[in-house]
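Student: The structure under discussion is supplied below as structure tokens; questions concerning it will follow.
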Amino acid sequence: MAATIFLTMIVLLLLGFPMMIPLIAGAFIGFLMLFGDLARTETMVQQMLAGIRPASLIAVPMFIFAADIMTRGQSAGRLINVVMAYVGHIRGGLAISTAAACTMFGAVSGSTQATVVAIGSPLRPRMLKAGYKDSFVLALIVNASDIAFLIPPSIGMIIYGVVSSTSIAELFIAGIGPGLLILVLFSAYAYIYAVRNDVPTEPRASWAERARTMRQALWPMGFPVIIIGGIYGGVFSPTEAAAACVLYALVLEVLVFRSMSLADVYDTAKSTGLITAIVFILVGAGAAFSWVISFAQVPQQILGAIGIAEMGPIGVLFVISIAFFIGCMFVDPIVVILVLVPVFAPVVKSVGLDPVLVGTIITLQVAIGSATPPFGCDIFTAIAVFKRPYAEVVRGTPPFILMLLGVSVALIFFPQIALFLRDLAFSK
């Protein structure tokens, strides 16, 4: 049964069908093999509706909407300016500023695609003019934008939290440590690259200029305070923090900065609605698929066949990491989370792994796979945004992928990288 379900999904994917079709088809075929007729198909529909019922999913469209508003407005530009003013003058400062700006914008958007557009579009021309090779610039933007998938408000963590019934607030806090570690590694590599390639430094900003850019960026810097401070302080749930971010973004861009009209807001809302519809269809289809394979005990069959339960916690984490990394090299990250999390859930529970640690590792692997050839989705986002050939986008990625894989291995052996802040925030 498992072979039939997954073979059907693979064939449909290879034929080019949208991601939701293989999920629904796999669930439907599994349903027919279980019950033998169509008399109880309403059960599968009920499972799809149940999958999109959790209130925490409301945070997804809200964070997407807030990110789109900031991308079209001035918030992203103000964050870029303040980072450039403080670190742009050091060796590799422009590249370090790009990585830092991606991290800062990721901390208010949770979207890798929005980060590529908002940060990559204005900074790539400046980096090329400064003497950086385009292959390095593209790889830096793609991989630094993936930090947005790890640090709060990560949309990937929201989906994982819903599918696995794990605290989204704890996942958000756990992603901060690995995200900052990645930023440090990318910054160190940017410095080494600039030294080896004799990239000239940018002019040092005056203290008056730094103060001016800081004042301009104070309003956009309120987003992380709302998200992290609000959740940590017990003021907001993640869903409430998302709603507060939307309201804050609208007030900033429409009333304070006056960078968007009501017509712009309407266009942004339409775009968000389209993306949200796709995400929710995927989540609903994934819920039906998860119910079918769980009912048929497919996860137990697969995991029993490879003997994963005898590997111990470290071995299980390595298998999970490899599965999600490879999966996201070929398939959309949300689909990989929806399909594989239910498969590994029984063994995660049986070996006593912390679901927050597992979620952090999974989210990191999803981010790495999304930026890895041959079909990582972030690669094609960069191709579409910057109009550059595939070979040029992927040429500079190996050093970044190796650093990200190094962080994932460190997380497995030193879980406190992720769990220290979680334990501190939630007194565990």
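Cβ from N, Cα, C; glycine included.
Annotations for this protein, taken from Swiss-Prot, read as follows:
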TRANSMEM  9-29  transmembrane segment
TRANSMEM  49-69  transmembrane segment
TRANSMEM  99-119  transmembrane segment
TRANSMEM  139-159  transmembrane segment
TRANSMEM  172-192  transmembrane segment
TRANSMEM  217-237  transmembrane segment
TRANSMEM  242-262  transmembrane segment
TRANSMEM  273-293  transmembrane segment
TRANSMEM  302-322  transmembrane segment
TRANSMEM  324-344  transmembrane segment
TRANSMEM  366-386  transmembrane segment
TRANSMEM  400-420  transmembrane segment
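For each listed feature, how buried is it and what is near it?
Tutor: Proximity of distant same-chain residues to the transmembrane segment (9-29), defined by a Cβ-Cβ separation under 8 Å and at least 6 residues beyond the stretch ends, is recorded for 44, 278, 281-282, 285-286, 288-289, 291-292, 331-332, 334-335, 338-339.
Long-range neighbours of the transmembrane segment (139-159) within the same chain, counting only residues 6 or more positions beyond its ends whose Cβ lies under 8 Å from a Cβ of the stretch, are 56-57, 59-60, 63-64, 95, 98-99, 102-103, 105-116, 119-120, 123-124, 168, 171-173, 175-176, 178-180, 182-183, 186, 190, 227-228, 231, 238, 241-242, 245, 283, 333-334, 337-338, 359-360, 363-364, 366-368, 370-371, 378-379, 381-382, 393-397, 399-401, 404.
Listed as Cβ neighbours of the transmembrane segment (324-344) (distance under 8 Å, sequence separation of 6 or more from its ends, same chain) are residues 13, 19, 23, 149, 156, 159-160, 163-164, 279, 282-283, 285-287, 289-290, 293-294, 298-299, 302-303, 316, 358, 362, 365-370, 372-377, 405.
Proximity of distant same-chain residues to the transmembrane segment (366-386), defined by a Cβ-Cβ separation under 8 Å and at least 6 residues beyond the stretch ends, is recorded for 112-113, 116-117, 120-121, 124, 138, 141-143, 145-147, 149-150, 156, 324-333, 336-337, 393-394, 397, 400-401, 404-405, 408.
Same-chain residues lying 6+ beyond the ends of the transmembrane segment (400-420) with a Cβ under 8 Å from its Cβ atoms: 139-140, 142-143, 146, 174-175, 177-178, 181-182, 185-186, 189, 314, 317-318, 321, 325, 354, 356-357, 360-361, 364-365, 367-368, 371-372.
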Student: Can you say which of 49-69, 99-119, 172-192, 273-293 has the most Cβ pairs under 8 Å with the transmembrane segment (242-262)?
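Tutor: Maximum Cβ contact count belongs to 49-69.
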Student: Take the transmembrane segment (49-69) and find every residue of the same chain, 6 or more past its ends, with a Cβ under 8 Å from one of its Cβ atoms.
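Tutor: Distant Cβ neighbours of the transmembrane segment (49-69) are 75, 108-111, 114, 118, 153, 155, 158-159, 161-162, 168, 223, 237-239, 241-243, 245-246, 248-250, 253, 260, 265, 268-269, 271-273, 275-276, 279-280, 283-288, 290.
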Student: Report, as numbers and ranges, which residues of the same chain sit near the transmembrane segment (217-237): CB under 8 Å and 6 or more residues beyond its ends.
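Tutor: Residues 56, 66, 70, 75-76, 78-79, 81-82, 104, 107-108, 152-153, 169, 172-173, 176, 244-245, 248-249, 252, 256-257, 425 contact the transmembrane segment (217-237) from elsewhere in the chain.
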Student: Under an 8 Å Cβ to Cβ limit, what residues of the same chain, 6 or more beyond the ends of the transmembrane segment (273-293), are close to it?
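Tutor: The answer is 2, 5, 19-20, 23-24, 26-27, 30-31, 34, 44-45, 47-52, 57, 60-61, 64, 159, 162-163, 299, 332, 334-335, 337-339, 341-343.
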